[in-house]
Amino acid sequence: MSAPCVETDDAVCRCAYGYFQDEASGSCRECRVCEVGFGLMFPCKDSQDTVCEECPEGTFSSEANFVDPCLPCTTCEDNEVLVRECTPVADAECRGLHPRWTTHAPSLGASESPEPATREPLSTEGVASTAADTATTVMGSSQPVVTHGTSDNLIPVYCSILAAVVVGLVAYIAFKRWNSCKQNKQGANNRPVNQTPSPEGEKLHSDSGISVDSQSLHDQQPPGQGTQGPAPKADGSLYSALPASKQEEVEKLLGSSAEDTWRQLAGELGYKEDLIDSFTREESPARALLAHWASRESATLDALLAALRRVQRGDIADSLASESTATSPV
């Protein structure tokens with residue numbers, strides 16, 4: 001009933017679901033059912049019967065009813081193989097190229113070939129999937145057929161690539177550290193090698209381990225500088241024997257340098273870094289260094305002159321040399 005009976009109008013009735021009203025007789029008749037291979041074009045309702053159409057190419061209808069149109073055929077994916085073509089009455093069937101596992105039927109006799117059955121994992125793709133899709137018979141082989149997925153074959157390759165990258169990275173880091181250490185050692189060895197005195201000159205050794213070549217000191221004085229006086233001979237005169245004014249002049253020249261010349265001089269005189277750092281806390285680091293060094297028995301003027309020339313302070317060395325020549329006995 002589509003409308004109830006009221007004072008002015010009678011009740012209006014309509015056919016139940018699955019029926020339509022025949023206009024000729026006015027009675028309800030059962031809707032037409034579209035057979036297999038045919039799909040719904042116009043639905044059955046009111047006074048219109050079901051209108052069916054034959055499924056065109058690319059569609060199918062595997063069930064007889066009056067509600068479903070022709071369904072599109074299933075298209076196999078790139079990793080699947082077509083097992084059965086799509087027809088108007090049945091959907092296409094696809095199977096994966098690499099099933100997850102394979103089972104084999106037992107051999108029934110010597111003349112019969114074993115029939116291994118390949119089972120595939122369940123899939124939700126496709127409307128008309130059946131249980132027959134999960135088993136496939138492989139004929140013509142007496143050996144078990146075991147297949148693996150593509151991802152299983154790529155796992156060892158990925159592991160090998162990762163291991164090679166890690167080994168290469170470790171080797172690169174080790175090489176860089178070794179090369180850095182090698183350069184540091186060469187830099188440390190270059191200073192003693194460059195400072196090795198000539199075997200032809202006279203060598204003076206002190207307790208601090210500094211070797212002074214007096215012959216090289218004489219050779220470093222170019223000719224024509226008689227106004228500054230020649231370098232003093234290795235007579236063993238001590239730095240503390242210099243006048244206080246001359247010592248103060250040396251301290252000022254070292255302290256007024258733009259670079260930390262006194263630190264370089266301390267290294268040449270045999271001081272370690274920790275002791276050199278302690279001088280920086282003094283008001284005049286250069287004065288503290290020379291005062292501490294003058295207390296040693298090896299604090300000779302020749303050793304100081306050689307150390308000054310090694311740190312490229314020949315001007316201070318020349319000043320001391322001229323003072324030493326002026327004050328030394330004839």
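Cβ atoms are placed via backbone N, Cα and C, with glycine included.
Just so you know, TrEMBL annotations are computer predictions that nobody has curated.
Keep in mind that this is a model prediction, so the values were computed, not measured.
Feature annotations, reproduced from TrEMBL:
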type	residues	note
DOMAIN	14-52	domain 'TNFR-Cys'
REPEAT	14-52	repeat 'TNFR-Cys'
DOMAIN	54-94	domain 'TNFR-Cys'
REPEAT	54-94	repeat 'TNFR-Cys'
REGION	105-135	region 'Disordered'
COMPBIAS	184-198	compositional bias 'Polar residues'
REGION	184-238	region 'Disordered'
COMPBIAS	208-219	compositional bias 'Polar residues'
COMPBIAS	220-232	compositional bias 'Low complexity'
DOMAIN	247-324	domain 'Death'
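For the repeat 'TNFR-Cys' (54-94), the model's average pLDDT works out to 92. Taking H, G and I as helix, E and B as strand and the rest as coil, DSSP gives the domain 'TNFR-Cys' (14-52) the counts 0 helix, 16 strand, 23 coil. Break the repeat 'TNFR-Cys' (54-94) down by DSSP state and the numbers are 0 helix, 15 strand, 26 coil. Residue counts of the domain 'Death' (247-324) by helix, strand and coil are 55 helix, 1 strand, 22 coil (DSSP-based).
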